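According to TrEMBL, the protein carries these features:
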{"type": "BINDING", "residues": "Ser46, Tyr115", "note": "Fe-coproporphyrin III binding site"}
{"type": "BINDING", "residues": "His187, Glu277", "note": "Fe(2+) binding site"}
{"type": "COMPBIAS", "residues": "378-391", "note": "compositional bias 'Low complexity'"}
{"type": "REGION", "residues": "378-401", "note": "region 'Disordered'"}
{"type": "COMPBIAS", "residues": "392-401", "note": "compositional bias 'Polar residues'"}
Amino acid sequence: MLYSFGGPNAPEDVLPFLKNVTRGKNIPEERLVEVGEHYHHFGGRSPINAQNLALVDALRAELARRGVDLPIAWGNRNWEPYTTQALADLRAGGARRVLAIVTSAYGSYSGCRQYRENLAASLAELADQVRADGDDDATPGTVLAVDKLRHYFNHPGFVRANADAVLEAYDELAEDAADAPLVFVTHSIPTTMEEASGARRPSYRTQHLDVAALVAAEVGRRLGREVAWQLAYCSRSGPPSQPWLEPDVNDLLRELAGAGTRAAVLSPVGFVSDHMEVAFDLDTEALETAREVGIRAVRAGTVSTREPFVAGLVDLVLERAAAERHEHGEPVERVTAGSLGAWPDVCHTGCCLLRAGVESGVPAACGEDSDPTEWLATTAGPVTTAGPVTTRDTTMTGDAR
């Protein structure tokens, strides 16, 4: 199951979608209307939906090319098709165990734990549906087993696909490419969430720095020269008093211009596809800032459906299947690039906390601390397939997709 954030399909979807995203966070409706203008700038439709459909098709084709007969579904946390429906469809088709590929390559609360919490709630909802259909013994732990693919930010396929995209951007700069620095961009998160992400494994920022160094080195090797690079952030939200990771990409562009930079490549290394953070925060705002300060900036593509990325995801699916088959035998080779090693298949207890030392209080699937007997008791009221499941996140980090 390709497991994603979700996004509106039409103007009338925008405000309900944003209410789903911010449920339980006490975000004023005026703020949601303001954020909604990002979508209305693009006709009220998020590009993430077409991107996810294309990725599903690409994964299906790559599996078929390798002779693997494996059904694929697509489910979202915050809009149709919702996760519960995707899981129900897979179960109706005969599936008893599902592997979720999250469209977030990196580890943090927003990129990992929150997806796992929503999975637990979706399984609880699915169990409710199955019991309503007459199976009185159905529980979240028995209706369907769901595993999550390990984080893939440091898989060679992800690195290669990003490097290919960056090289295409340098080609577009042509004569301006020689001295153009490479600016990697990812979604900012609160600094306390950054701290929490590093409690058990290298932190969110460290993960990005490791990948950025790998991509820059590969780009430099293929260009035949060293490439200067920096990591910047976009999509900050929340109160101004709350520290988030910096520098903001717009501030960095102004700083580069002040130092004499006249051309740059922006690489959205933190994002899998061209969704709203890329389309608005980079293609609209950051490129406008670059023009204002006299920098010719080219935004590199995302990994999207690039062959190395798609092949890498399928490699990871087969790796996970092999690990399950050989659980009590020889260890399976876990391929990575860089210095950080492979993330675990099953999340450790206490990983990806909401904030440093603070748990969200919401049960999560796919972890050492997962207990399906807790899931029914903690879903917030009756959750229907007409809407998303509810978690208790209090930080708005994904307000535009």
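Note: Cβ is positioned from N, Cα and C throughout, glycine not excepted.
What TrEMBL annotates, mapped onto the structure for a quick look.
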residue : record                             : Cβ within 10 Å
Ser46   : Fe-coproporphyrin III binding site : 26
Tyr115  : Fe-coproporphyrin III binding site : 25
His187  : Fe(2+) binding site                : 25
Glu277  : Fe(2+) binding site                : 24
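A distance of 19 Å separates the Cα atom of Glu277 (Fe(2+) binding site) from that of Tyr115 (Fe-coproporphyrin III binding site).
DSSP classifies His187 (Fe(2+) binding site) as strand under the three-state reduction.
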